[in-house]
Amino acid sequence: MTAASTTATTVLQATQSDVLQEIQSNFLLNSSIWVNIALAGVVILLFVAMGRDLESPRAKLIWVATMLVPLVSISSYAGLASGLTVGFLQMPPGHALAGQEVLSPWGRYLTWTFSTPMILLALGLLADTDIASLFTAITMDIGMCVTGLAAALITSSHLLRWVFYGISCAFFVAVLYVLLVQWPADAEAAGTSEIFGTLKILTVVLWLGYPILWALGSEGVALLSVGVTSWGYSGLDILAKYVFAFLLLRWVAANEGTVSGSGMGIGSGGATPADD
């Protein structure tokens with residue numbers, strides 16, 4: 001190992017130690033992380049039990065998609081708790097905390113990048129939508145999360161932080177269009193409109209809270225502390241992920257016959273073969 005790499009490793013370890021100490025000394029921040037880890041563990045066990053008797057391919061796919069939500073969350077929140085995906089950022093000129101080092105739990109964006117597509121996959125399967133529409137929703141969602149991460153990490157320009165925030169919101173609008181305009185008709189045709197409508201409203205209302213928290217928190221205008229913002233995100237995660245997934249799985253387990261027949265390639269296991 002070269003001297004340069006040894007120095008870099010030492011600095012990284014020191015930084016992680018400082019970050020971990022800061023997390024543990026901030027009760028609101030620390031508790032918001034560990035409560036989510038504990039809940040994710042319980043939810044994983046619950047979802048395993050709820051999905052063990054599912055038989056149809058489409059129902060199983062919905063179950064796998066919803067299972068991945070707490071699995072991703074517990075992994076990501078463990079990264080936050082260890083300080084691995086948290087860092088100090090010096091805010092640029094023009095920011096409310098310009099020149100100050102602010103603790104940034106940027107690992108949350110990893111959680112959202114991998115978990116929110118699973119939420120959309122589950123909703124798309126429930127609505128029995130077509131693959132093109134599902135692909136659109138998921139890719140727009142990933143774009144939203146990645147540009148949100150860029151907005152949070154940029155320290156060179158206050159303006160660019162808000163530019164990327166605006167781009168992220170534009171991706172979000174595309175996701176909302178799919179959820180509110182395209183998929184309801186698909187769900188109506190699939191016979192799942194009632195539960196889809198409930199989950200759609202739950203998802204849209206809660207997801208709107210994320211950009212609002214970003215704007216009000218230390219990443220935006222800094223009206224909220226890091227700990228308060230973290231609890232806001234954790235609360236939204238609990239409702240938008242675990243409660244959402246529980247409601248969906250409970251309905252699927254009780255109405256598997258409704259989702260057993262599907263016209264979508266993914267949900268039905270492929271197109272109907274042609275007659276010989």
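For all residues, glycine too, the Cβ spot is worked out from N, Cα and C.
Residues or ranges marked as pyrrolidone carboxylic acid by Swiss-Prot on the basis of similarity to another entry: Q21. Sequence-distant contacts of Q21 (pyrrolidone carboxylic acid), defined by Cβ-Cβ distance under 8 angstroms and a gap of at least six in the same chain, do not exist.
Under the DSSP three-state reduction, K241 (N6-(retinylidene)lysine) is assigned to helix. Summarising the annotation, Swiss-Prot assigns N6-(retinylidene)lysine to K241.
Per Swiss-Prot, the feature transmembrane segment maps to 31-51 (among others). Counting residues 6+ beyond its ends, the transmembrane segment (31-51) has Cβ neighbours under 8 Å at 23, 60, 63, 66-67, 70-71, 73-74, 77-78, 80-81, 105, 227, 230-231, 233-234, 237-238, 242, 245-246, 249-250, 253 in the same chain.
Per Swiss-Prot, transmembrane segment is recorded for 61-81 (among others), and the stated evidence type is sequence analysis.
Under the heading transmembrane segment, Swiss-Prot lists 109-129 (among others).
Annotation source Swiss-Prot lists transmembrane segment at 134-154 (among others), citing sequence analysis. Using a Cβ-Cβ cut-off under 8 Å and counting only residues 6 or more beyond its ends in the same chain, the transmembrane segment (134-154) has close neighbours at 89, 92, 104, 106, 109, 112-113, 116-117, 120-121, 124, 160-165, 167-169, 171-172, 174-175, 178-179, 211, 214, 219, 266.
Annotation comment: Swiss-Prot describes 162-182 (among others) as transmembrane segment. Same-chain residues lying 6 or more positions outside the transmembrane segment (162-182) and placing a CB less than 8 Å from one of its CB atoms are 120, 123, 129, 133, 136-137, 140-141, 143-145, 147-148, 150-151, 154, 200, 203-204, 207, 211, 214-215, 220.
As annotated by Swiss-Prot, transmembrane segment applies to 195-215 (among others).
Away from its own ends, the transmembrane segment (220-240) comes close to residues 26-29, 31-33, 35-36, 39, 73, 95-97, 102-103, 105, 108, 111, 119, 165, 202-203, 206-207, 209-210, 213-214 of its chain (Cβ-Cβ under 8 Å, at least six residues beyond either end). Feature annotation from Swiss-Prot assigns transmembrane segment to 220-240 (among others); the stated evidence is sequence analysis.
In sequence order, V69, P70, S73, S115, I119 make up the list of same-chain residues 6 or more apart from K241 (N6-(retinylidene)lysine) whose Cβ falls under 8 Å from its Cβ. Listed as Cβ neighbours of the transmembrane segment (195-215) (distance under 8 Å, sequence separation of 6 or more from its ends, same chain) are residues 112, 119, 123, 126-127, 148, 151-152, 165, 168-169, 172, 175-176, 179-180, 183-184, 187, 221, 224, 229, 232-233, 236, 239-240, 243-244, 247-248, 251, 255.
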